[in-house]
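Undergrad: Let me give you the structure first, and then I'll get to my questions.
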Amino acid sequence: MAGAPGPLRLALLLLGMVGRAGPRPQGATVSLWETVQKWREYRRQCQRSLTEDPPPATDLFCNRTFDEYACWPDGEPGSFVNVSCPWYLPWASSVPQGHVYRFCTAEGLWLQKDNSSLPWRDLSECEESKRGERSSPEEQLLFLYIIYTVGYALSFSALVIASAILLGFRHLHCTRNYIHLNLFASFILRALSVFIKDAALKWMYSTAAQQHQWDGLLSYQDSLSCRLVFLLMQYCVAANYYWLLVEGVYLYTLLAFSVLSEQWIFRLYVSIGWGVPLLFVVPWGIVKYLYEDEGCWTRNSNMNYWLIIRLPILFAIGVNFLIFVRVICIVVSKLKANLMCKTDIKCRLAKSTLTLIPLLGTHEVIFAFVMDEHARGTLRFIKLFTELSFTSFQGLMVAILYCFVNNEVQLEFRKSWERWRLEHLHIQRDSSMKPLKCPTSSLSSGATAGSSMYTATCQASCS
């Protein structure tokens with residue numbers, strides 16, 4: 001643990017806090033909290049040994065010490081001193097024969113690094129790279145960490161651009177797009193909360209590692225700020241699931257009911273999307289504070305407490321899956337009613353299905369009911385890969401389907417381009433032929449007619 005942490009170790013610790021939407025069960029992959037607890041116990045044992053062991057027989061020797069990494073006995077002058085790799089390391093079982101080395105000089109002083117007051121030591125046999133397993137769990141977790149970081153970054157960028165587009169064009173302001181904007185906001189907040197959590201843990205871990213302040217790791221995990229960051233992430237994730245549910249319910253109401261009071265129903269949707277998650281995230285935080293107030297709330301000693309959050313999210317996933325099935329049935333019936341050939345029906349059905357999966361979060365059903373405490377080994381990796389990869393890129397797919405390839409958005413861009421082109425052409429004509437005035441009445445009437453037609457179209461499609 002001396003020095004800055006390697007990428008594998010950091011990815012492992014970050015993923016220990018991710019899972020699907022929350023803490024991992026006790027007994028799953030090693031966490032930062034567990035590692036520092038083991039380090040504390042190792043330090044206690046070392047300090048007891050340093051106090052109780054008898055002094056050496058000679059007067060000249062290198063003093064026994066604990067250097068925040070390993071426990072060193074008294075050293076004989078002019079010799080190498082070695083101790084086994086510290087057992088608190090998460091990968092200690094993979095380097096059972098490894099040792100860390102120091103050199104005791106003839107003067108009875110520990111050899112120091114060049115141009116430094118720190119003692120020299122060789123811990124190459126205890127490093128992660130010496131474990132020999134190219135497909136180790138930590139390397140798999142590093143791969144997942146890279147995947148979900150790239151996914152959230154792309155999703156965040158695409159969603160910000162898509163939100164600006166929907167807000168920038170006045171003709172796109174309608175109930176349907178307001179719902180889309182709230183869904184975009186939930187994805188943006190989810191990505192931001194993950195970035196904040198990762199950045200906080202990375203900064204805290206790296207700083208403590210460089211300064212050998214391992215107690216600072218645990219004190220941060222025990223701090224209010226760490227728990228608030230994690231509580232915020234839980235709320236953002238829950239709100240994201242419930243805005244996906246709102247999208248599904250709204251889609252179904254459009255298909256099932258012909259007349260809707262959109263102003264009233266939009267207020268209801270806002271209450272569901274942003275309000276309902278508070279009803280179970282806040283109680284979960286209170287229960288954790290009262291009965292399981294340890295670490296950064298990333299561990300679940302009692303999985304019943306985690307069900308306070310998990311069950312409402314499973315409910316949202318289940319309802320959206322039922323809506324997905326119902327919508328597919330409606331699409332099939334309408335395609336058959338149009339007397340299309342079987343090939344066209346299959347193609348259109350496949351297109352509709354693939355489009356609805358990211359929009360409703362249907363992929364969540366695959367592992368929705370596989371609880372974290374039951375996932376081990378390969379199943380756990382597949383579960384993590386499916387959830388983290390699909391969820392992180394889902395915002396990007398939603399932005400593409402709801403905005404970038406949307407016909408109304410493309411029409412607005414074409415209209416804006418034509419308007420700019422006509423205005424630019426008009427300015428060029430005015431500057432080159434000032435005596436001649438171009439009549440604008442026809443252009444104005446044409447533009448007005450086009451705008452009215454599009455407004456009516458948008459209102460019809462948004463109703």
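Cβ coordinates are placed from backbone N, Cα and C, and glycine is handled just like the others.
As annotated by Swiss-Prot, N-linked glycosylation site applies to Asn63, Asn82, Asn115, with the evidence given as experimental evidence. Taken from Swiss-Prot, the feature region 'Important for allosteric inhibitor binding' applies to 352-355. Positions annotated as signal peptide by Swiss-Prot: 1-23. Residues or ranges marked as topological domain 'Extracellular' in Swiss-Prot (evidence: experimental evidence): 24-139, 202-227, 291-305, 371-383. Among the features that Swiss-Prot reports, topological domain 'Cytoplasmic' is placed at 165-175, 252-265, 329-348, 405-463. Residues annotated as transmembrane segment in Swiss-Prot, with experimental evidence given as evidence: 140-164, 176-201, 228-251, 266-290, 306-328, 349-370, 384-404.
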Undergrad: Pairs 6 or more apart in sequence, C-beta under 8 angstroms, 3 or more of them: is that satisfied by the transmembrane segment (176-201) and the transmembrane segment (306-328)?
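TA: Per Cβ check, the transmembrane segment (176-201) does not touch the transmembrane segment (306-328).
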Undergrad: Would you mind splitting the topological domain 'Extracellular' (24-139) into helix, strand and coil residue counts from DSSP?
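TA: Split by secondary structure, the topological domain 'Extracellular' (24-139) comes out as 33 helix, 24 strand, 59 coil.
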Undergrad: Rounded to the nearest Å, what's the C-alpha distance separating Asn82 (N-linked glycosylation site) and Asn63 (N-linked glycosylation site)? Just drop the number here, would you?
TA: 14
Undergrad: Can you count helix, strand and coil residues in the topological domain 'Cytoplasmic' (165-175) using DSSP?
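TA: Taking each residue of the topological domain 'Cytoplasmic' (165-175) in turn, the totals are 8 helix, 0 strand, 3 coil.
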Undergrad: Let me check the 10 A CB neighbour count of Asn82 (N-linked glycosylation site). How many other CB atoms are there?
TA: 15
Undergrad: Can you tell which of the glycosylation sites (Asn63, Asn115) has the fewest other C-beta atoms within 10 angstroms of its C-beta?
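TA: Asn115, out of the glycosylation sites Asn63, Asn115, has the fewest neighbouring Cβ atoms within 10 Å.
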